[in-house]
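Undergrad: Heads up, here are the entries from TrEMBL:
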type     : residues                               : note
ACT_SITE : 335                                    : active site, nucleophile
ACT_SITE : 795                                    : active site, proton acceptor
BINDING  : 198, 201, 218, 231                     : Zn(2+) binding site
BINDING  : 208, 220, 221, 222, 223, 259, 261, 264 : substrate binding site
DOMAIN   : 174-283                                : domain 'UBP-type'
DOMAIN   : 326-814                                : domain 'USP'
DOMAIN   : 623-664                                : domain 'UBA'
DOMAIN   : 692-732                                : domain 'UBA'
C-alpha cells in the first residue's frame, strides 16, 4: 500500500471527455478475455497487454494500472440437448440481410455466454504490487478512479455510439422524403384484392403498385434474367411518380416493400395504410404472398453460382491456423477492409516496415497510439503475421464468436476511416477504392521512411501523336493499380451468349421465365482485357502546338516500369444509361502466369520529333481553347483559374483541364491573375512585404519531416493556416520533392537522376524518383472477389497463395 501511495499523484479520475481504452490493448489484440488480461493506465487511460505494460511504465513513469480479467463461460443451449440444433442439428437458415445480428450472416449458430470479471490495482515498481479490488483500504482517489473506469464508455464504443458495433443490417430503411406529402391522383381507380396483372405485359408476379396514380407494373429485371420487364421503372421515367409498393408483400399490419425511384432505394412509408386506402385496399384483408426484396436478394446471393463458388461451398475445406493464417472479424460489413489488408500484408515491404519494424514503432510510445497510423498498421500487421490470435478450435471453420476466431480491427478501422465520408460508415464499400485510400494515407506517413507501396507503384506512359504533323508528346504518371475494361464483344462464347439472349427475349415476350440454371455468362480472357487497354485511342479536338490549331490525335498507353507486385483492377462495375450502378455478370479467365513485356513503354525514340512546348512559344501568350474556356467558365470556375488549367494541361481538352482544377482548387493563387511562366511577368505573390511564417505551424510541419524551406513555402501559400498547409503539402509533393533535391548535395542529385534514368523528370512523374523495374512476367499470388449484384451489397473474400497452396480468407474463417 505504501508503494501505491508513493505514486498517488499519478492517479486520475477519467471525465466524460477522456477516452478509456478498456476493451483492447492499443499495441496488440490482447483484451480482458485473453489469458493475461488487460492493464489500463490510471494516468493516461490507455490499455496494454502483458507484453507492453511494463515497457510503457518504464518509459513514461506512469506506474499505476487497473488490471481487468474477464472469464467467459458458455451457457448451454437447451435446444441442442433436445436435438433441435447444435453441431449435429440442421444448418441455421439465413433470414436477414445482415451481419452479426440474429438471423443474419454469423457463420454459425451464435453461442450465449455469461461473464465473470476480476479487478486488481497494479503498481509496476520493484517489486510489482498487486492489490485486489474492491478493497476498502485503497486510497479514496484510487477507488474513485477505478469506479470511473468501470463505468466509463469504452473508447471503441464511444466512437460508434450511434451504430451497433459488430453488426450490419441491410434491412434498416430510411423514411422516404415523399411519404408525408405524397401526391395521390383522384382518377377513380380502385385496386381489386386479387387478379393483378402488369398493365404493359402478361406478368402476374413481381408487380408494383404506383402510389400516385394506381398503375400496376412489373418490376426490374434481375442480373440472371429473372424478375420483371422494367415496366415500373420505365413508368417512373415517364411520370416522375416516386413511390411504388410491391403487391404480395403487404401484410395485415400495414408493412410492405416500398421503393423510391427518385431516392433510388428501398424506403419506409409510415403512411402506407392511408396511401393504400386511397386505392380501396384494406390491408387487414391482405396476406403476404410474394417474397420481399430482402428475401429475393438472399436467394440471389445464396444461389449456387458465384457466391457458392467464391466461398468454396463445394469444396472440402480444411481450417488452418498459425503465423500468416489469422482471420479478421467482420465489424459490420468490413469484408472489403479485411480482404485488402490480408493481401497487403503478404507483400514483404509491408511486413518489413510494420511487422519486422514494429518494436521501433511501439517503443516510441506516442501519447495517442490509438490515433497513430504507424502504430495501428504495426498492430494489425503483427496481429495477422504472428499467429498469436490464430488458434484452431473444435469448430474453427464455422465459429463466429470465439476469441480465437481472428482479430477485430476496431482501432484500425476507426483511424483509417476518420473523416472519410465512406470508410467511416458501416456500409459496404468498394475494395479497390479502399486500397487507393490506404495508398494515399501511406504516402502521407512515409516521408523519410521506407514506403511499402513502392513495391506496387509503377509508371504509366501516355504517348500522344498529332495526326496532322506526326509529332509526339509523352506524359508520365504514377499508378498503383492497373484498371482494365472488360470487352464484352470479345467473349469466347459469343455465339452461345447471343443465343441465350435471344431465348431470354423470346421468353419475356411470351410471359415466361427461363430456368436460372440455363444462364450463359460471357467468357472473356484476361488477354482480351489487356489488348483493350493497349489499343490506341482517338482524341478529338486536340490542340496541336505544331500546327497551332485543333486536329485529331492518337493516344496509346503503356507501362514505363514493371513493379514488384502488379495489382490489376477488372472493372466489373459500370454505369447504365440512367447513371445507376451495374455489375457485369461475366466470367474472366485469369492465367496463373502473365507476361506483360508487350505492354512495356519505350519512351521517345530517336526518329520521333516532339510537339513544341507551349512555353517555348513566348513571348506570345499561350493559345486558350475558347470552347474549353467556355465550358470551364460554365462550371463556375474563375477565369484566371481556367487559364491556368488550360496552360498546364497543354490544351489537351476539357477532361484534363477539369481534373487539374479539382487537384489545385485549394491553391492560394488559384484565382489570382495568371502570368505564364517565363514571360517575364511577376505574379502578385511577389509583391508586398517579406513573408513571416507562423512559428508554431513551422515547428509542427518540420516535426513531420519537412525542411524549413518546404514548411515556410506551405504556410506562405495558405496564409499561415497550419491545417490548410498540411493539405497543401500533400497535394504538392512534386514541388516539395523538387525543393528537397535543390537542398541536397550535388552527389545526391546525381544519384537520384541516375536512378531515375533519362526520363526520370518527365511530366507527371515524381522528380528525381526511381521506379522498381523488373521483368514483365508475373505469377498470380492473390485475388480479391466480390459477390453480389452491386458495390453497395454483397461480400468480399480473398484467396492467397501461401506455402504452395491456395488459402481462402473469408473474414475470420481461414
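A Cβ is built for glycine as well, from the same backbone N, Cα and C atoms used for every other residue.
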Undergrad: Looking at the binding-site residues listed here (201, 220, 231), whose Cα lies nearest to that of the residue listed as 'active site, proton acceptor'?
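TA: Closest candidate to the residue listed as 'active site, proton acceptor', judged by Cα separation, is 220.
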Undergrad: Just to verify: the residue among 201, 218, 335 with the fewest other Cβ atoms within 10 Å, which of the recorded positions is it?
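TA: Each of the recorded positions 201, 218, 335 was scored; lowest Cβ tally within 10 Å is 201.
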Undergrad: Between the Cα atoms of residue 221 (substrate binding site) and residue 231 (Zn(2+) binding site), what distance do you get, rounded to the nearest Å?
TA: 10
Undergrad: In angstrom units, rounded to an integer, how far apart are the Cα atoms of residue 198 (Zn(2+) binding site) and residue 208 (substrate binding site)?
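TA: About 8 Å separate the Cα atoms of these two residues.
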Undergrad: When the Cα-Cα distance from the residue listed as 'active site, nucleophile' is computed for each of the binding-site residues 220, 231, 259, 261, 264, which gives the smallest value?
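TA: That would be 264, nearest by Cα distance.
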Undergrad: What other residues of the same chain, not counting 198, 201, 218, 231, have a CB atom within 8 A of the CB centroid of the Zn(2+) site?
TA: 199, 200, 202, 203, 207, 217, 228, 229, 232
Undergrad: Around the Cβ of residue 221 (substrate binding site), how many other Cβ atoms lie within 10 Å? Please give the count over every shown protein chain.
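TA: By my count, 16.
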Undergrad: Given the binding-site residues 208, 259, 261, which one has the fewest other C-beta atoms within 10 angstroms of its C-beta?
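TA: Each of the binding-site residues 208, 259, 261 was scored by Cβ atoms within 10 Å; lowest is 261.
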Undergrad: Please report the distance from the Cα of residue 208 (substrate binding site) to the Cα of residue 218 (Zn(2+) binding site), rounded to the nearest angstrom.
TA: 6
Undergrad: Using DSSP, how many residues in the domain 'UBP-type' (174-283) fall into helix, strand and coil?
TA: 16 helix, 21 strand, 73 coil
Undergrad: Applying a 10 Å Cβ distance cut-off over all chains shown, what neighbour count does residue 231 (Zn(2+) binding site) have?
TA: 20
